[in-house]
Structures are given as structure tokens and as C-alpha cells.
Amino acid sequence: MGWFEKLKEGLTKTRDNLTQKVEAIFNFTSELDDDFFEELEEALIVADVGFNTTTAIVEKLKKRIKEKKINQIQEAKDELKNIIVEIMRGDKNIDIIPPKTPAVFMVVGVNGVGKTTSIGKIANFFKSRGYKVMMAAGDTFRAAAIDQLEVWGQRCGVEVIKQKEGADPAAVVFDAIQSAKARKVDILICDTAGRLHNKKNLMEELRKINRVIEKEGRDFYKETLLVLDSTTGQNAIHQAKEFIDVADVNGIVLTKLDGTAKGGVVIAINNELNIPVKMIGVGEGIDDLQAFDPEMFVDALF
Amino acid sequence: MAFEGLTHKLQETFKKLRGKGKLTEKDVKEAMREVKLALLEADVNYKVVKDFINSVSQRAVGQEVMESLTPGQHVIKIVNEELIMLMGGRESKINISPKPPTVIMLVGLQGAGKTTMAAKLALHLKKSNKSILLVAADVYRPAAIKQLQILGGQIDVPVFTLGDRANPVDIAKAGVENAKKNAKDVVIIDTAGRLHIDQELMEELQNIKSEVEPFETLLVVDAMTGQDAVNVAQSFNEKLDITGVILTKLDGDTRGGAAISVKAVTGKPIKFAGVGEKLSDLEIFYPDRMASRILGMGDILSLIEKA
Ligand SMILES: Nc1nc2c(ncn2[C@@H]2O[C@H](COP(=O)(O)OP(=O)(O)OP(=O)(O)O)[C@@H](O)[C@H]2O)c(=O)[nH]1
Ligand SMILES: Nc1nc2c(ncn2[C@@H]2O[C@H](COP(=O)(O)OP(=O)(O)OP(=O)(O)O)[C@@H](O)[C@H]2O)c(=O)[nH]1
Ligand SMILES: [Mg+2]
Ligand SMILES: [Mg+2]
């Protein structure tokens, strides 16, 4: 099953509600009046888009409807999709493939969103495309986090650089970069411990890891991926803001889209902060990772 | 901050109306618009918000405004009281079976915090001199058993496992047998995270449940959950008839509106809150504190309480 089918299947229940709702609006309202826009707002909020972004989208749609003299239901619907796709794509780079190698990926995010699992999947993604990949067990804090990454290492046949539980994560990353250089690795992916963005000391620790990567990995192309759980509501915006403050986040991995949550908050994040979604997680298996496709995402949303 | 916004907006809305006697329909409607936005911003489910606003509006219209409060503060007082009621009014304890061992089963979505919570609960109960057995029934997540073993080791609580090749239903059953043999007071079963729409894995939980008849089946919910919290809670409750909810990661800056949504759709009490990664980071859940948090207005509420 392709990800789109999987996504659609996963979203069926809520999607049906939403589609029915949106279609009901488009079919039973003869005019594109206030009620119509209000119902539209509801549909977007239920998808976790958030009030501010929802309002912005609806305002934009109203303007377009006027400009383009839209009075057909289907046209308005298409225009709505266009607007969201524009927000999600823009002129942003949504490709995870690095423009050059060697490249180092640092993966960050709050607790339990799916960082380690996504790293396993991404390592496999690159390995199967012929890259020489290595992983760094930069979560030295959580119980059995290193063992978990090692299982992923075995699954995709990728070496894991690690130290003992409780070791300094910056030191692990330092080691890993030296090994990556010595072994001429194309892509090094660094796991980090989950941390809530409002914890000053933990965010400082991340800043330190980031500095090590910037200093030791000067010759590497650098990518920082923020992992967001699609089940998360408006707090994801705070998360994104705080993590960009610490590191130069250039992509989002949106996980758990195989559930009924639609991850609409990434629309708000793209609208406000302009960080593109690059990959999506659609399950717990090694192949349950897909490149982000804005059109399909929006289609699955409505 | 969002909530200061709410307070501020409400004050503005009602500035002209200070000391105006009864709350009119128009007053309430204007205030409720702001309350609605605050609740949505806090991730309370849209439908729950709608129902809530309707019932609170009905109660508020025609009420005499207290001398010491502005109409805005009076509306908030009502909203706050109703939110607390909606979340069960007061705290709810964990139930211990008169016939030991008390079996507690933890369920929930992936990454919600079940394994950590299993160990936290063990530590909590250990403090009241209960002997405990942790059971590792997650055979899917890489190193899940190891994780529970390490956590168990930290608090000196034994962990029962049959490895990751055994069937979770068999593990749970054998774990409870083992606890009986060793005269344990409490058995806490850690299960694998799963989606509420995953038929097969939800059935597995049903089978564990009918096999070991837990005294408490607790749904572990991440406090950062958005609008989907209602779907998750409803499905888990329908399939497993949960006895309570635990909210995790409340040490973050989320407003935690999921608490309202989950309680509203299941009617089951929220018993504990996870407030950190350390095993001692566990608190009893207090509806009144959660209401202030969701409204984000601790200050104005303490003001109102004095009134
Ligand atoms: N259904 C589903 N589950 C996922 C997905 N990605 C990760 N998970 C599950 O989510 C749980 C948490 O994943 P981890 O990779 O351990 O998350 P993490 O961010 O590394 O967690 P910490 O290191 O503890 O902060 C695991 O049970 C994963 O199997 C996904 O796309 N879909
Ligand atoms: N900050 C904070 N982190 C927490 C809390 N509870 C759990 N965590 C963290 O959240 C992450 C996931 O916790 P787990 O206990 O592994 O979650 P789980 O539900 O067992 O995950 P799966 O078994 O993969 O479904 C870990 O990094 C925990 O340390 C909490 O109350 N606060
Ligand atoms: Mg991890
Ligand atoms: Mg677990």
C-alpha cells in the first residue's frame, strides 16, 4: 500500500466527517455567505490548523473569491486547496536529499514524538539509495534509548556510534563526526534525547551539541530536522519556535499520520515560521516513511 | 501570553458595563466569544467547546453580578466553575482491590508515556508500602522491555518478562500468576503503544483485559494532544471501558485542553499527571488547577476566589 492510500485509510473516519462537512457546505449553500465561511473555519480548526491561521486562510480565500469572481462551489474548494498548498510549498526546499555529501543530520524534538524511529527509517531511506550512512546515539539519557537505536542500526545495517548511558551527548556527537570523517561516511544522523522546549538547561545542552556539529562538521552539509507528532495541537507552534532558537531547523518530519490526527498545525507553522515539512511518518515499520507531498497532504485533509 | 489576552479582552469588553446588575444575553455572548477562542487555543475539542459555551451561556444570562467583581470577572467565575465540574470536580484516587493483587493496565497511543508512567505509579504505590510487580507486555517497540527493566531497577521493583517472542496476552497472564505466587499487592502491566483505529492491536488489549481482569484500566494521554484527543479517548473507552485517565508531559507549556475533551467524551476521571521525566515526577490531578491552566488565568482566579 502506498503512503497516500495508507494516509487516506488512516484518515478515513475523520476525513469522512470533514469531507461531508465541507461538501455539505459547498453543496447546500447557494451563496458563499458568512455561514459558509464559518463552517469552513470549523473544519480547519478541527484539523488542528489553529484559530489564527484558519482566519488567515479564510480571509485569503474570501479575497481570491472576489478577485477571481468565483461563484462556483467546486472552484472555491479548489482555491482553498491551492491556498494551503501554497503555504506548505512556497519556494521552500521540501527535499530531504542533501545537495552535497558528506552531510550531517541532527534530529530534535520533544519527548516521544518519534525521533529515534524516524532516524531508523531515514537511515534506511538513504542506505537503500546507495549512501554510506552512520548513526550517533546522542540520547544518553532515556532508559534504553541507545539499545533502541541499535536495534534500528541492525535493521538497516547501519553502524551506530555510542557511549555509555549518562555520557555527555556532545561528546558522543563529537566522536561520531570524527568516525564519519575517518570512514568517509556520506550521511551521519544524530539522535538526541527528547526534551520539552521550555526546559532551559536541556535546550542549552542541545545548543552545545549543535555547536559541536557546526565546529567539527564544518565540511559537512548540515541539516536539522524537527520531529513533530501529528497528534499534537497548538503547542507544536511553541515547540517549533523554541527549537529554531537553538538550532537552524530546516525541515520537519511529521510523524504518526497513520492515525486519525491530521497534523494541521504544520500549516500554521509553515504560515508563521516557514519551516517546510520534508518527510512524513505513517507507521512503525522501517518503510513507513515518505517524502512529503503538499497536494496529497491537503487532499487527505479534506 | 494568550491568557492575559483573554483577561484583557474581557476587561475591555466589560469596561463600560461595570456594576451593571444582571448579565444580559449580549454581555454573555460577547464574553463567550473570547472564552471560546481561549479554549480553542488551548486545544479543547471544537464540539466540546461549542456544547460548553451553550450550557454556560444559559447559566450566566440573568445572573446578578457580584458587587466585588466586574461582569467580565463574573463570567470567568462561572466559566471556571463549570470547567472544574466538567473535569470531575475534585481529585480521584487510584482504586486498590480488596482482593490482591490489584491489576493495573496502562494503555494509549505510541509515545504517550506509558512505560515511564508504569514505573512512576510503581514508585508512588511503593511509598505506601505496597509490593509491586511490573509486567513488560510490549513486545513490539525496540528495547521496550529493556526500558522497563532499567526503570524498574532504578526504583527497585521487579519486572516480569517472557522476552519479545511471547504473546502479550500470555505475558500478562503469566505476570499476574507470578504476582499471586509472590504475594504482590499490585501488578502494573505496560502495554505497547497503538493507534485507536488499529483493530488487531485493540483486540489484543481486549484479550489481555478479559484474561487478567484489571481493577484499573488507565488511558495514558499526552497533554499536548490536539483536537484528535476525543477520537482517541472515545475509541479506547468504547473498546476497553477504561476506569481512568492519566495526563503526561504537563511540565511543558501546553495549556492542556485535551484534559477537558477526554473527560467530556469518556466521563472517566483523570487520576494523575506526569510532570517530568524523573520517576518522582508524578502528581495527583486537580481539576481546579487544570481549569486555571486551561483558561490560563491563575491570577484573576485567585482574585475571584477571594471575592
Ligand atoms: N503509528 C506510528 N507510530 C510511530 C510513528 N513514528 C514513531 N512511532 C512510535 O512512537 C513511539 C515513540 O517513538 P520514538 O522513536 O521512540 O520517539 P522519540 O521521539 O525518539 O522518543 P524519546 O526519545 O523518548 O523522546 C514508538 O512506539 C514508535 O514506534 C509513526 O509514524 N506512526
Ligand atoms: N517531560 C516529560 N516527559 C515525559 C513524561 N512522561 C514521559 N515522558 C517522556 O516521553 C517519552 C516517551 O515515554 P515512554 O514512557 O517511552 O512512552 P510510551 O507510551 O511507553 O511509548 P511507546 O511504548 O513507544 O508507546 C520519553 O522520553 C519519556 O521520558 C512527562 O510527564 N514529562
Ligand atoms: Mg528517542
Ligand atoms: Mg512504552
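Yeah, the Cβs are placed from backbone N, Cα and C, and that goes for glycine too.
Where the annotation comes from TrEMBL, it is an automatic prediction and has not been curated.
TrEMBL lists A:7-88 with the feature domain 'Signal recognition particle SRP54 helical bundle'. Per TrEMBL, domain 'AAA+ ATPase' is recorded for A:101-302. Residues or ranges marked as domain 'SRP54-type proteins GTP-binding' in TrEMBL: A:102-302. Positions annotated as GTP binding site by TrEMBL: A:109-116, A:191-195, A:255-258.
Among the binding-site residues A:Gly109, A:Gly112, A:Lys115, the ones whose Cβ sits under 8 Å from a Cβ of chain B are, in sequence order, A:Gly112.
For A:Gly109 (GTP binding site), the same-chain residues that are 6 or more apart in sequence and have a Cβ closer than 8 Å to its Cβ are A:Lys115, A:Gly194, A:Leu226, A:Val227, A:Leu228, A:Gln239, A:Phe243. Selection of the binding-site residues A:Gly112, A:Lys115, A:Thr192, A:Arg195 by a Cβ distance under 6 Å from ligand 1 yields, in sequence order, A:Gly112, A:Lys115. Mean model confidence of the domain 'SRP54-type proteins GTP-binding' (A:102-302) amounts to 97 (pLDDT, 0 to 100 scale). Among the binding-site residues listed (A:Gly112, A:Lys115, A:Thr192, A:Arg195, A:Leu257), A:Lys115 have a CB atom closer than 6 Å to some atom of ligand 3, in sequence order. When the binding-site residues A:Gly109, A:Gly112, A:Thr192, A:Leu257 are checked against ligand 2, A:Gly112 have a Cβ within less than 6 Å of one of its atoms. The sparsest Cβ neighbourhood within 10 Å, among the listed binding-site residues (A:Lys115, A:Arg195), is found at A:Arg195. Listed in sequence order, the residues of the same chain lying 6 or more apart from A:Thr192 (GTP binding site) and placing their CB within less than 8 Å of its CB are A:Met106, A:Val107, A:Val108, A:Lys115, A:Gly138, A:Asp139, A:Pro169, A:Leu206, A:Ile209.
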